[in-house]
Amino acid sequence: MKKKLLWFFTLLPMIVTTVAMQFMPDKIPAHYDMSGNIDRWGSKYEGFIMPSIIIVLTLFWSLFIRHFEKKQRAATDEKEAIEATNNAKIIYYMAIGQSIMFGIMGYFSMYTGFLEVKNNMSQSNVDKYLFINIFMSIFFIAIGNILPKSKRNSVVGLRTKASMVNDKVWAMSNRFAGKSLVISGIITIIETLFIGGVASTFIMVAILVVDGIISAIYAQIAVDKYEKENKMDIE
């Protein structure tokens with residue numbers, strides 16, 4: 001069921017774009033400067049770029065899903081099988097969310113491009129940065145909620161030398177990273193609503209960089225805390 005759902009949301013943008021091409025003008029806005037002015041026009045068929053990217057990303061994620069499914073079938077104990085199944089499920093959710101988010105961004109871009117051509121506009125009629133940042137933030141919040149459910153692996157989750165030490169440290173690190181990502185998503189939504197424009201995107205990137213650094217630092221703190229509490233060598 002999850003596989004069918006993933007491919008439904010993966011192929012839907014390509015289907016919608018194919019239908020939309022029948023109504024799109026031959027030339028559409030392809031790029032905007034920092035002030036929202038249209039500085040490049042391109043073929044309407046550039047609209048197929050985003051659906052194609054979504055398909056490629058899904059194929060990429062499918063490789064990891066297959067990896068964990070094989071690991072689950074080859075598991076020698078119940079714990080290993082459950083961990084592999086759980087990680088495959090998390091990647092499914094991430095891939096589905098990513099396909100939905102990129103799909104909506106593609107629909108939005110086509111719709112606004114159509115309106116801009118129809119109304120003979122030289123500047124974007126909406127703040128695209130605001131729209132994109134909000135959807136990215138929602139995606140971060142969703143990922144932050146499922147991150148703590150991941151089990152120690154080398155594909156998904158907060159993967160640092162410290163967080164990979166053992167299952168306990170992994171759980172502590174990814175629980176913190178999940179909460180931190182949710183907070184970062186909320187902060188990004190707030191700053192985007194107040195600031196908007198390309199400046200809000202730069203701020204979003206800065207927030208994510210700081211978030212990653214803090215989470216990596218906490219992973220090392222988790223190792224130190226584990227060693228102190230257990231007074232034993234880390235496996």
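Please read every residue number as a count from 1 along the shown chain.
In case you wondered, yes, glycine gets a Cβ from its N, Cα and C as well.
Residues or ranges marked as domain 'DUF1648' in TrEMBL: 9-55. Taken as a whole, the domain 'DUF1648' (9-55) shows an average pLDDT of 89 in this prediction.
The transmembrane segment feature in TrEMBL is assigned to 45-64 (among others).
Taken from TrEMBL, the feature transmembrane segment applies to 90-109 (among others). Note on the transmembrane segment (90-109): residues 2-3, 5-6, 9-10, 12-13, 16-17, 47, 50-51, 53-54, 57-58, 61-62, 64-65, 68, 128, 131-132, 135-136, 138-139, 142-143, 146, 149-150, 155-156 of its chain, located 6 or more positions outside it, place their CB under 8 angstroms from a CB of the stretch.
Residues 90, 93-94, 97-98, 101, 104-105, 108, 157-158, 174, 177-186, 188-189, 192-193, 196-198, 200-201, 204, 208 of the same chain lie 6 or more positions beyond the ends of the transmembrane segment (129-147) yet place their CB under 8 Å from a CB of it. According to TrEMBL, the transmembrane segment annotation covers 129-147 (among others).
Sequence-distant contacts of the transmembrane segment (176-196), counting only residues of its own chain at least 6 positions beyond either end whose CB sits under 8 Å from a CB of the stretch, comprise 127, 129-130, 133-134, 136-141, 143-148, 157-158, 203-204, 207-208, 211, 214-215, 218-219, 222. Positions annotated as transmembrane segment by TrEMBL: 176-196 (among others).
Under the heading transmembrane segment, TrEMBL lists 202-223 (among others). Counting same-chain residues at least six beyond the ends of the transmembrane segment (202-223), those with a Cβ under 8 angstroms from any Cβ of the stretch are 133, 136-137, 140, 158, 160, 162-163, 165, 169, 172-173, 176-177, 180-181, 184, 187-188, 191-192, 195, 234.
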